[in-house]
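Here is the structure we will look at, set down as structure tokens.
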Amino acid sequence: MKIAIASTAFLGLASAFAPSATVVRQSTQLYSGKDEGEMSKALPFVPRPKMLDGTLAGDVGFDPFNFAGEDMSNLLWMREAEVKHSRLAMLAVVGWPLAELWDKSIADAAGLPSLLTTSGASPSLLNGGLAKIDPVYWFAVALLAGIVELSNADVKEAAGADYAPGDCGFDPLGLFPADKEGQKQMQTKELKHGRIAMMAVLGFVAQEALYRTPVVNETPFFFHPLF
């Protein structure tokens with residue numbers, strides 16, 4: 001159950017998932033050179049950022065702080081980081097409320113201490129609950145992150161110039177389409193869900209820090225039966 005209740009803490013290990021320099025190979029392949037005078041789709045009152053020409057999945061020209069920069073290799077590095085943070089956030093946004101619902105009962109049945117806070121909230125940086133997590137667990141998480149990143153590096157090397165940011169070669173159910181257009185649509189869906197999940201996790205943390213009430217109790221109609 002530790003995995004469920006501490007899933008959001010994975011977000012703090014993003015450095016272990018840092019993209020390697022192999023993405024530089026694509027630096028001349030993605031930028032289409034469209035008119036830089038176009039307006040952003042996301043912010044139609046400002047010009048489209050130079051590097052965000054719609055080539056990448058989920059790109060609607062939203063970069064008010066210019067994180068994409070002026071170099072394609074930097075943009076691809078940021079995209080890979082976004083994809084990996086998105087996946088961790090989607091896991092966390094499921095694990096967080098499930099832990100608050102089931103951790104205590106499972107821990108009691110197994111004769112183990114619950115890792116929830118005194119208010120019944122999942123542990124996070126702002127509520128002090130992370131201090132209850134065994135350091136061995138963090139070591140195991142860092143080790144797993146390293147293994148995943150090494151495996152991802154092998155995928156990058158094998159794919160070469162055809163490598164897509166965030167593609168770890170993981171598709172056990174065969175959901176990823178074979179055609180390019182279908183692949184881009186699937187990647188866009190993943191990014192949109194991931195971006196919402198990152199906002200949701202931030203909301204969980206802020207809400208529980210401010211109100212000291214578990215998410216499942218703050219909005220019970222989402223998590224508890226009505227009857």
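Here the Cβ of each residue, glycine as well, is placed from N, Cα and C on the backbone.
Annotated signal peptide per TrEMBL: 1-16, in sequence order. Per TrEMBL, the feature chlorophyll a binding site maps to E82, H85, L125, K189, E190, R195, Q207. The feature chlorophyll b binding site is assigned by TrEMBL to R87, E149.
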- If you draw a 10 Å sphere around the Cβ of R195 (chlorophyll a binding site), how many other Cβ atoms fall inside it, taking every protein chain shown into account? 16
- Query: Cα of R195 (chlorophyll a binding site) to Cα of E149 (chlorophyll b binding site): how many Å, rounded?
  - Reply: 21
- Task: Would you mind reading off the Cα separation of E149 (chlorophyll b binding site) from H85 (chlorophyll a binding site), to the nearest angstrom?
- Result: 13
- What is the interatomic distance between the Cα atoms of Q207 (chlorophyll a binding site) and R87 (chlorophyll b binding site), given in whole Å? 22
- Query: Including all protein chains displayed, how many Cβ atoms other than that of R87 (chlorophyll b binding site) lie within 10 Å of its Cβ?
  - Reply: 19
- Could you measure the widest C-alpha to C-alpha distance across E82, H85, L125, K189, E190, R195, Q207, the residues recorded as binding chlorophyll a, and give it to a whole number of angstrom? 29
- Intrachain C-beta neighbours of E190 (chlorophyll a binding site), sequence separation six or more, cut-off 8 angstroms: V83, S86, R87
